[in-house]
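Visitor: My structure is below; once you've seen it, I'll send some questions.
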């Protein structure tokens, strides 16, 4: 009898969530054999300030502005949970 094993990916079964408050910086980090990087988002009203890059650098910055507070919050939470799904961990 032959048994085959498949790669097990925990993130496909467990989707952690982080809810953030406006103005609260959320810092996520990812580290493996090939990379060591960070991703941060801060919401100020309808604007998201996103900084990301290699750990130890200033990183790159993006600014996203939305029509409403709810749209900004929804996008912020979506982006956070996408990163968590890719293996990022909360650092703060």
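Backbone N, Cα and C define each Cβ position, glycine as well.
Caution: TrEMBL annotation is automatic and unverified by curators.
Feature table excerpt (TrEMBL):
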DOMAIN    15-92  domain 'WGR'
Visitor: DSSP helix, strand and coil counts for the domain 'WGR' (15-92)?
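Guide: Result for the domain 'WGR' (15-92), in helix, strand, coil order: 17 helix, 31 strand, 30 coil.
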Visitor: In this predicted model, what is the average pLDDT of the domain 'WGR' (15-92)?
Guide: 93
